[in-house]
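Let me begin by presenting the structure, written as structure tokens, before commenting on it.
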Amino acid sequence: MALPWALAVLSLLPLLDAQDPACAILKPAPITNATLERLSGKWFYIAAVLRHPEYNQSAKQIQTTFFYLTPNITEDVILLRQYQTTGGQCVYNSSYLQVQRENGTLSRYEWGTEHFAYVLLTKDPKTFMFSYYPEDELNRGLSFYADKQEVTEEQLREFHEALKCMGLRETEILYTDGKKDLCGPLEKQHEEERKKENKGSQVDTELG
């Protein structure tokens, strides 16, 4: 009867991990204005483990990604401006993320489906994570973001600890490669265009 006992112990492992202090980060927390302020700015997609087939397939095609988050606190939405290098070309996309404050999630509609991600704030304010389908062993996932393309060992360690807590393996990690970025020129072009628009708006205000 050793096998049933072993299976029973294995089934308890996720529960034991969940009680580990290091796993407290995985408990979803309500999103506050402070949360949104922390998420505001430029971020780099560093790595992920995504068991959901559709997510996994998409992630494998990504060479590198960086993006800007601009929260609108009164309307509970976040403007996402994303620069993604995939298939040897730069793809720019702008969309809105919906904020579900009480659930601690963000969502985005894509191809007629609403996709949800739990916001996980790390100890280091220069990084954060999203978790997906945490209760579904076959589809769960975790993605890791930082304010720089290069991360420290300590920052990466927190991501690895979270993977362990979720029952995900380091061998499943898909890393991006910032050296393959092709979106720098387009980002610079957009910045220059925004500066001109802002300057034009200031002139109009002064004339008015």
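Every residue gets a Cβ built from N, Cα and C, even glycine.
TrEMBL does not curate its annotations; it predicts them automatically.
Looking up CYS23 in TrEMBL gives a disulphide bond to a cysteine among CYS165, CYS183, identified as CYS165. With a cut-off of 8 Å between Cβ atoms, the residues of this chain six or more beyond the compositional bias 'Basic and acidic residues' (185-199) that come close are 66, 81, 83, 90, 92.
Counting residues of the compositional bias 'Basic and acidic residues' (185-199) by DSSP class, helix then strand then coil, yields 15 helix, 0 strand, 0 coil.
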